[in-house]
Amino acid sequence: MSGRDNRGAGGGGGGGHHHQPLSSAMGKLKEKLTRAGEELGYHRVESNLSASNTGTSLDTILPEDPFPFPQAAPQRHPQQQFPHLHPLRLLHDVDDEPPLSFRPLLEDDDINEPPQQIQQQRSALRSSGSLELTPLPPPPTSLEPHRDRQQRSIVTGGEELQRSKQSLKGSRVSFEKPQQQGNNKAAESSDEDSFEDKRIGFQQQKATSVDHKGILKDLRHILANDNRRQFQAKKHVSLDIKGTRFLQDLLKDSSSEEEFHKTRREFQGRKHQSLDPRVTFKLDKVLQGSSTDSDEEGDDAEHKRLIHRPKDITKPVIIDLKDLESESDEDFLTSRQNFQQQRSISTDSRKSRRLYEMDEMGNKRGDNIRHAVPFVRQITEDGKPKLEVYRPTTNPIYIWTQVLAALSVSLGSLVVGFASAYTSPALVSMTNTNLTSFVVTPQAASWVGGIMPLAGLAGGIAGGPFIEYLGRRNTILATAVPFIISWLLIACAVNVVMVLCGRFLAGFCVGIASLSLPVYLGETVQPEVRGTLGLLPTAFGNIGILLCFVAGTYMDWSMLAFLGGTLPVPFLILMFLIPETPRWYVSRGREERARKALVWLRGKEADVEPELKGLMRSQADADRQATQNTMLELLKRSNLKPLSISLGLMFFQQLSGINAVIFYTVQIFQDAGSTIDGNVCTIIVGVVNFMATFIATVLIDRAGRKILLYVSNVAMILTLFVLGGFFYCKSTGMDTSNVGWLPLSCFVVYILGFSLGFGPIPWLMMGEILPAKIRGSAASVATAFNWSCTFVVTKSFQDMIDVMGAHGAFWMFGAICFVGLFFVIFYVPETQGKTLEDIERKMMGRVRRMSSVANIKPLSFNM
């Protein structure tokens, strides 16, 4: 202390000597503070520290504006920030004196009174005599001028800042952070954005995320920052239909309720809702470029064209329930699904039909809207419940290549139908000794009719390995030439053995074709029309039956066989034009060929990658679960259910007595003593069979499989019991001449009922419900079982009539149909509108109960 005091005592007389080191130190302090401020992101506004006013400046080193400084930063001494800086040891080495602090001026500070720490420092310096303080002008009494000055500097572009610099000269050093002009401009522009700009920006953004989290984030942003109903009114239909401004305007401008509904349907079809804004943007661009003053027919065509644009396909977005970030996400999905189910876009067509009627949408555009708007459906993969935001394909459903494939294989079914009906008209002329060079006994005639089902049994067994190793298409193609040979053997026969050989070869081909045709169509046709196009083989089969009945009226058995030999020729030619099924290519590891087949079937502009990946996933699951022994796979518990359903449907189909009726139609009418010619009756039955199949083709994708099976069962039960009653009355000697029309009427209703349901649906469902890994072998077993039942019924029908009478045979068939009704009610699933993968997951028991998002039921909907 003594040394320090001595230095201070000498300072009074030698002020200039001590003033020079202090001035030099203050200059260094100024430079270091300036450098430190620049390093921290501040820039110097003004500094005028000189040797003449060091006393004035040292006690006022405070920032001019406190706000640019970070308020939450901890207060640190200059020594702590800059260890090399010792401003208070310039004149005295005072160890117990606190260093000079430097901190922002806070709002709670008293401007007129320096901080306590500075007062202590001043007192220490005064007592030492080393520093003489010069009073400053009084500081401002509040912080408002500083705030006003800061705002004015932003508005006037720096003019106020220059004036502030001039006013600060000679007083203090201050630092401030550069203003972020870009953020202010962004905020101002954000405030000026209109709702339309936000919506267009949302739709036009190129980097739209396919990840559901990104999509939900975008949607939440729109819903949080804009009026929801405004957004929905401009983009799509609101949940509250009458509350939507757009629809309110439509309602006001419409002259009638019918016009309002029409306008609303067009609006929904064109501006359809999509989680991918790119789809909506594409449609907007097309709409803006199209003419608005076209006639009604042109508008309708434009509406359909927009909906069916192949390039507007979007890939599914998989949403795992556990990934939903909040309840609002789930509420959004729930509300969206409620809206969509009310707007008649359910995957269940029966439900859709009821909703169409409720909403007065009818059948004109109902299907188009249902296929244009996305929906949320339940899927399950690897046991984990998921939701799939799925938009059904906007490809044109009836693509000509797909129809060509269905027609090509259906021509094979026409050959099958002709072969099945051949015995009914042919046996009449074959047993006539005047028209045949060889004798055909009744026993041989029964074998002519019964050997074909027996050969079909062998063909069904052999067809399973064929379609697995040769492929579906190649197996079908391989039956064409043997069909021709079989008919030539019959036509050129000189004895019964040649006829039986020809019938056996034809039956073998029939068994293979019956197995492979539904499998091919089930694997190539889209789910939306699989029912309609899947019934084409049955329809063409009935055409073959009708053709055989009509031609048999005018031709003998030999000429009829020559006609049958010409039918496989167009079938053979068309089969060369169509590809193998993509599913079979995938099972053989030929991915590129599968992609080409899908492009051929779905159209060149279609996006086939999602479907191809689904096929590959399904095949991978099948490969993981497959064993070396395919027949042992059939006995697995998970496979027994679909196999037993298929076998049950085949059993009730044949035990309904249909083939007995078809094979022996003429003889039945002769035994009934009908006043109508037997050949005419067969033609009538064939026409009804043909017409009923086309009715089923129209209804099957609207009413569903099970509804048609119910109708079919009831119709067959009633007619078989009535027909049995007629034959019972005839056998007891009662006069039935007044009701000679009854057998034909019963046969017509019976054929109508059979062709609506139990005729085509068992074959269709065989290609739908059997799992992919056992489809070939299981279809082989089901087909063989079907032909076994056919053989038993046709071969034993005459014996049944001899034992229990015609009435007993028909009553037995009716009782079996009655049991079959309960089998359908309790055991057969509905497969309408479902993909093969969905059906397989359900049949294998992989689908678990979902949350309310997936299981929600449609609410009541009122306009």
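Glycine is treated like the rest: Cβ placed from N, Cα and C.
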Looking at Swiss-Prot, is Phe669 on the same side of the membrane as Gln443?
yes
According to Swiss-Prot, of the residues Asn48, Asn434, the one annotated as N-linked glycosylation site is Asn434
Contact count check, CB pairs under 8 angstroms to the transmembrane segment (808-828), set 399-419, 480-500, 559-579, 707-727, 747-767; argmax is 707-727
For the transmembrane segment (747-767), the candidate among 447-467, 504-524, 559-579, 774-794 having the most Cβ pairs under 8 Å is 504-524
Relative to the transmembrane segment (707-727), the stretch among 447-467, 480-500, 559-579, 680-700 with the most Cβ pairs under 8 Å is 680-700
**Prompt:** Hey, would you say the transmembrane segment (559-579) packs against the transmembrane segment (531-551), going by three or more CB pairs under 8 A that are 6+ residues apart?
**Reply:** yes
*In contact by Cβ distance (the transmembrane segment (531-551), the transmembrane segment (680-700); 3 or more pairs under 8 Å)*: yes
Ranking 480-500, 504-524, 774-794 by Cβ pairs under 8 Å to the transmembrane segment (399-419) puts first 504-524
For the topological domain 'Cytoplasmic' (829-863), the averaged pLDDT of the predicted model is 53
Key: Feature contact check the transmembrane segment (504-524) with the transmembrane segment (774-794), CB under 8 Å, 3 or more pairs   = yes
